[in-house]
Amino acid sequence: MFSKILTKVIGSRNDRTLRKLRKIVDQINKLEPQFESLQDEELKAKTIEFRARLEQGEDLDNLLPEAFATVREASKRLYGMRHFDVQMIGGMVLNDSQIAEMRTGEGKTLTATLPCYLNALTGKGVHVVTVNDYLAKRDAETNRELFEFLGMTVGVNVPNMPPQEKKQAYLCDILYGTNNEFGFDYLRDNMAFRAEDRVQRERYFAVVDEVDSILIDEARTPLIISGPAEDSSELYIRINTLIPQLVKQDEEDSEEYRGEGHYTLDEKGKQTHLTENGQEFVEQLLKDAGLMEEDDTLYSPANISLLHHINAALRAHVLFEKDVDYIVKDDEVIIVDEHTGRTMPGRRWSEGLHQAVEAKEGVKIQNENQTLASITFQNFFRLYEKLSGMTGTADTEAFEFQSIYGLDTVVIPTNRPMARNDMGDLVYMTEAEKFAAIIEDIKGCSERGQPVLVGTVSIEKSELLSNALKKAKIKHNVLNAKFHEQEADIVANAGTASAVTIATNMAGRGTDIVLGGSWQADVAKLSDPTEEQIQAVKAKWKEAHDAVLASGGLHIIGTERHESRRIDNQLRGRAGRQGDAGSSRFYLSMEDALMRIFASDRVSGMMKKLGMEEGEAIEHPWVTKAIENAQRKVEGRNFDIRKQLLEYDDVANDQRKVVYELRDELMNVDDISEMIGYNRQEVLEGLFGQYIPPQSLEEMWDVEGLTTRLRADFDLDLPLQEWLDNDDKLHEDNLREKIIEAAVQVYKEKEESVGESVLRNFEKAVMLQTLDGLWKEHLAAMDHLRQGIHLRGYAQKNPKQEYKRESFELFEGLLDTLKFDVVSILSKVRVQQQEDVERMEEQRRLQAEEAARRQQLQHQNAENQLDDGEGAEEAHSPMVREERKVGRNEPCPCGSGKKYKQCHGKI
């Protein structure tokens, strides 16, 4: 009560914001006569002046009144369109990184030109994000003349553009494109191998059109780039035939038989290592099999992949036993958990080991799709320094915009008062009765020349209604979201007298329905029209426009309520643009999905008590209230799901940032020798600690084991025991230092023999290639972890905390493995000359091109991302419970760890 009184006295937050912005609008309006007096060249020169002032340190907000006045004046001269004061307010809201809720027909496209121009003055680039390619191209072409007049460059970012064109587009001052394409470009840039292959620059300012659709409706669906894991089935099979010829080195008499065995075993670490003799023997086998050139060696840079396959096959044969480590069932290798003895279907060993075991057992080698990169829209758009958005319906989701993105919502008043008549809902017992009433309503409108837009929740329902209209001999158009270009034409003419248009909920967004039709479309049909012809078309349109207004304007019919009130408001918002007359009504039945699940008992009980006849409807504020409460429940549930997805993705996002920053650093420097040196020291110290524990007695040292590992992993043949025997003063610390010094010296000799620049290039290539391979495997491991983490709730553990803890352990493992593998490869691989590095680079480039050709870009269904059993927000799929009902005292399926009655059972 008190808060209501306070709001009346001082106004709401929205009112206070508008009052503050109106003062700036007054300043802009005072500048108008001054800007009207400028010549075209003087107006164009304003851009150069503003940029110079910014370079001298002037604040962007100080330039706002003059910049907005410049854009308004240019628009008046080029298009004959003057920005309304409310559009100026909308532009300021967008510039302040907020969401502007502007009703349909209030000119969002023109409003966006104001903050786009202002922020493009910085030279950092502005991205205008739309829901489809058609709107991106249309808006870019609509505003191109205005921006180019003011000295700005305009680009369009659409799928399948050549990389060079895309790179040029990103250099434009203002770039229009879809949310998917901006997101995929970001992921592709972070998979590039050379700095010049990247297309994006910094993410500075984004204006998201239809922001509710992009940041809320699509927020549960991550962007994923996936591709088939490297298809080397044939190579696994061929190498599998070579491995049985290898002989294990005799352990007991290793000194005596050294050189005769081909490999050594480390059963504790589940690793194998080729001996020097083994390496030569394998090289000969590979040459005989035609897998390696005659003058080549196993450790040359181009053969890193071959070495990887040999190691995997050797481990599969000598360390992994059938019916101990795995079983073969239904032509598939299934891992056995070493701790529990249970099988783990769906899990696969990494680093090619699983494929090697499949080759060994003669079953089909599976090359499953692998996630190469992924990100959610929440985390992608939060990368922008400034983010803003506009839509006709944001206020119902204001809390989510604020809590997830930190964006406040400002409701912009309409330029003219709203004149639309929103009538109460009519509820029928059956769908057949409801459709019959809709047909009658459409007939009545057609007879008096009133255009009708019918909104359906799915293509299936729109086809049902279309068939009913055909039977009633009522001419109509059906809109679906498949063909955006035709869609715009149909929507543009949906306001002509007696027009009947059926559209699914999202179809036609972004195109205004003008009463009387679009005179611009009629002019476009004329070839080289004269001014006289244009005026005749306008006069004809004016007559049609006035006739439609007299019939009551556009009438909106909703065939059922959507899960979200916001989608209902979007449908209503198609009518009553810019103060035009219009009306709306929703027709519901007890068979509708929303009514059946959430409101059926109460409302159907009320209808039965009233003793309703067939074809009779109920219209009461209580019914509308019950439906809105049901919608609030669904909105709350969907918000919880999006929030939960974000909490999980935030964990992956922190790791993604670290990996992408490291990649960025590697791409932008030529010399990473300091990083390699630091890693070498860390890896060798870690290995030393495994065999010679800190502050331990010499009797506890495993000198022989350390000697073997140094030889096998780093090609370091060091006589450690001899050093210790000959020097009594040699203790733990200086032995460690001596090993590191020896490793540095060997590497220095390698550098002197091949040349510094050759080795620097090779270091960078190895680091990038190893990082990318491990990151792909890490993403797969994170997917596996996500899929089963909700089960921790049954063990009274918090799944989110467990996910954070285990994913951190996985990531630490990735970083440790990266350091170890890079140091090991650089120590063992023999680089002869620059050609070796170029061969490796060429091989990698060809693989990357092939992978890019086979890549799949997915805007993945959220159902695969969440383990809470909740379905995706798709209006056309009826909400039917497929799984058994969750008991009140059982753990909640959302994975919170709470009981169902204390979590989602409350809703």
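Indices start at 1 and increase along the chain as displayed.
Any Cβ shown, glycine's included, is placed from N, Cα and C.
Q87 is the only one of Q87, Q520, Q533 that Swiss-Prot places in the ATP site (with G105, E106, G107, K108, T109, D512). Other residues of the chain with a Cβ within 8 Å of the Cβ centroid of Q87, G105, E106, G107, K108, T109, D512, the ATP site, are M102, T104, L110, T111. Listed binding-site residues: Q87, T109. The one with the lowest count of other Cβ atoms within 10 Å of its Cβ is T109. Farthest C-alpha pair in the ATP-binding residues Q87, G105, E106, G107, K108, T109, D512: 16 Å apart.
According to DSSP, Q87 (ATP binding site) is assigned to a helical segment. Other Cβ atoms within 10 Å of the Cβ of K108 (ATP binding site) number 24 in total over all chains. The secondary structure of K108 (ATP binding site), as reduced to three states from DSSP, is helical. The secondary structure of D512 (ATP binding site), as reduced to three states from DSSP, is coil rather than helix or strand. Just so you know, of the binding-site residues E106, D512, the Cβ with the fewest other Cβ atoms around it within 10 Å is the one at D512. Contacts of G105 (ATP binding site) defined by a Cβ separation under 8 A and a same-chain sequence distance of 6+ are given as D512, R577, Q578, D580, in order along the sequence.
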